[in-house]
Amino acid sequence: MKKIGLLVLIAALAVGFFYFDLNQLLTLDGLKSGLAQFDTWRDESPLLVGGGFLLLYVIVTALSLPGAVIMTLAAGALFGLLWGTVIVSFASSIGATLAFLVSRYLLQDMVQSRFGNRLTAFNEGVERDGAFYLFTLRLVPIFPFFLINLLMGLTTIRAFTFYWVSQIGMFAGTLVYVNAGTQLGQLESLSGILSPSLLLSFVLLGVFPLIAKKIVDVVKARRVYAGFSKPKSFDRNLIVIGAGAGGLVSAYIAATVKAKVTLIEAHKMGGDCLNYGCIPSKALIKSAKVAHQMRHAENYGLNSSEPTFSFKKVMQRIHDVIATIEPHDSVERYSKMGVDVVQGYAKLIDPWTVEIQRNDGDTQRLTARSIVLATGARPFIPNLPGLDEVGYYTSDTMWEAFAKFDEPPKRLVVLGGGPIGCELAQSFARLGSKVTQVERSPRIMGREDEEVSKLAQESLIQDGVIMLTSHSAVRCEKEGDVKRLILEHDGHESVVEFDALICAVGREARLEGYGLESLGIETKGTIVTNDYLETLYPNIFAAGDVAGPYQFTHVASHQAWYAAVNALFGSLKKFRVDYRVIPWTTFVDPEVARVGLSEQDAKDKGIAYEMVRYELDDLDRAIADSAAKGFVKVLTVPGKDKILGVTIVGEHAGDLLAEFVLAMKHGLGLNKVLGTIHTYPTWAEANKYAAGEWKRAHAPQRILNWLEKYHAWRRG
Ligand SMILES: Cc1cc2nc3c(=O)[nH]c(=O)nc-3n(C[C@H](O)[C@H](O)[C@H](O)COP(=O)(O)OP(=O)(O)OC[C@H]3O[C@@H](n4cnc5c(N)ncnc54)[C@H](O)[C@@H]3O)c2cc1C
């Protein structure tokens, strides 16, 4: 009841404010026209006018009414810099605190009880850092102050803390605005605008947020580095931990721009991609594809034959491929570039010092002005009872282990229906394993549109994969040599016997053991970074799988550029990492490639789009290759040729996508793709035909009707 009374009072005051046109008074024009009158009143009874002004300011702020900025300028004009600042400083803080209290009284219980669980972390954050957070919001006026007052009322920050932090935080801004107001009072003619002191005041208004932001950054940096003593000089400009895609590119950039850089790798140069990921999996896919083509040689007018092969040789080829690429990522190559490569395990000691447990047994400490963490990710192992007893493989272990096999596993279980699981399941099925693929959700490759998952699923099933979607692995059992996986589906259990099991249920960032914990670097599944890839410590950066949100080699390299450049030149200019156009491909056959929005994404996010499709069974080259399966699907802005996203399913989809990636990156629309000559007969023509579909759908009907009439007239 009391709350309703308060609400009615606030509403009545707000209505009164607008009814009596007080809002007109609180405009620049209103202020200027009334200034002379106010001046007279102030001269007659300064205390009364000062007190009345303070009260009005408090009411305007407490009721979150518009006009506080004008009133601040007015304070300068009426009372001068000193008294204007004193009045506004107190009035704004008292008014803000009243608004804060009203919001707390009316809404806090409701908000906290409704969203309490989800607000726990936020409340903890406010309790720990609320004062500082409020201080930065006050100092850098990005959000309107009335919003801050109301939102802070919903948190658990103490009212007194809110008051004094607000008063201190707003002081600098108040001073700048009141000062501008003092000049406004002297603005009598247009030429007054050019007076140096007025110009200076406006310049101050403009640069104030920048200066304030800089101050906040300095204060923040001081807070995080408090307790550490910064070395007076550094051994290196940059230390990079991890020599996968993210680390290699970071070190490469640093060496290219002549920085002194150390790259530390605990295990194998090249990281996951070269040794356990992209490269071995793609080499395996190739062998499997050849086996598949032999089996289906009749598609090309040849005799089909069941491929006979030595699995050892297939695995040997994979290791040969790795060995051939290895020099690209080798210690020798990077040393020649000027990178100091150290093989050993690195650990952060403080924000500038790294200790290395070298592989040769020595321990070494190095300091650097900046550090890039590119420590990658590893396979996630589900908590499945009995899994350790039956034994399992992951992408980390399978390449070495399978190299010792004479034949591919007879009965193979692949846990996981993501890209890695799908690529491996199809490859081993093609090489003759009886593969059972298990996916908990209703479809594989759940990140893609439903029709894409369906096509991929059909293709895998055609290759012999037993596809168990909507099946959860419950436990593993072992009886003598017999290994079993128990699954649950629709409330029923079923059993799959297997000889080998590969876990491909996702990858988790490496977050423990190298100092993140002791330095308090925040992690949430990956290392928490800002838009510049800075961690909690602005001189420590993260890139690649350990930083997320994507887990691709090309994204790791992309991030590495930002991490390295910001690490080396951030004090001059920092660059925000740009995730606008991120392509990826899943190398199942047919390939699935995507950039930008999928249809499902667009629907989920409520983004308006138009869609055009081109079916590959129409493409001359696809028909000639007996691979006329799949499509190019392009999402565009309604009525425009601007590309929002592309999905391609088909042979060479990953390569075809590049044209759209370029177009999106550089703002080229479908008209430009259509206007580009594509060699005949190539797969790339599919892109042009998709653009043609868009053009057809947007043909200017009225002009065409006129043209028809024109030609009829010409025929006479
Ligand atoms: C089977 C499979 C297939 C894949 N296929 C593709 C694909 O086709 N295309 C694609 O784009 N991506 C693919 N990926 C993903 C790709 O491999 C990763 O995204 C990429 O390797 C990430 O690079 P990174 O530099 O972040 O990490 P990593 O390559 O994992 O490198 C991190 C390195 O840091 C080292 N390290 C960690 N901690 C320390 C420490 N404290 N001190 C010293 N060194 C340390 C590790 O030993 C490791 O070498 C695939 C992955 C897998 C598993």
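For all residues, glycine too, the Cβ spot is worked out from N, Cα and C.
Listed as Cβ neighbours of the transmembrane segment (51-74) (distance under 8 Å, sequence separation of 6 or more from its ends, same chain) are residues 10, 13-14, 17, 22-23, 26-28, 30-31, 35, 38, 84, 87-88, 90-92, 94-96, 98-99, 102, 145-146, 149-150, 174, 177-178, 180-181, 184. The feature transmembrane segment is assigned by TrEMBL to 51-74 (among others).
Sequence annotations record features per position, and here TrEMBL assigns domain 'VTT' to 69-182. In the domain 'VTT' (69-182), helix, strand and coil residues by DSSP number 104 helix, 0 strand, 10 coil.
Sequence annotations record features per position, and here TrEMBL assigns transmembrane segment to 81-107 (among others).
TrEMBL lists 131-152 (among others) with the feature transmembrane segment.
Non-local neighbours of the transmembrane segment (159-178) in the same chain are 69, 72-73, 75-76, 81, 84-85, 88-90, 92-94, 96-97, 100-101, 104, 130-131, 134-139, 141, 145, 152, 201, 204-205, 208, 212; each lies 6+ residues outside the stretch with a CB under 8 Å from one of its CB atoms. Taken from TrEMBL, the feature transmembrane segment covers 159-178 (among others).
If you look up TrEMBL, you'll see 198-216 (among others) marked as transmembrane segment.
Annotated domain 'FAD/NAD(P)-binding' per TrEMBL: 237-560, in sequence order.
Marked as transmembrane segment by TrEMBL: 237-255 (among others). Residues 261-265, 269-274, 329, 334, 337-339, 341, 346, 354, 366, 368-376, 514, 543-547, 553-554, 556-557, 559-561, 563-565, 567-568 of the same chain, all 6+ positions outside the transmembrane segment (237-255), place their C-beta atoms under 8 angstroms from a C-beta of that stretch.
According to TrEMBL, the domain 'Pyridine nucleotide-disulphide oxidoreductase dimerisation' annotation covers 582-690.
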Check: Under DSSP, the domain 'Pyridine nucleotide-disulphide oxidoreductase dimerisation' (582-690) has how many residues in helix, strand and coil?
Finding: 39 helix, 30 strand, 40 coil
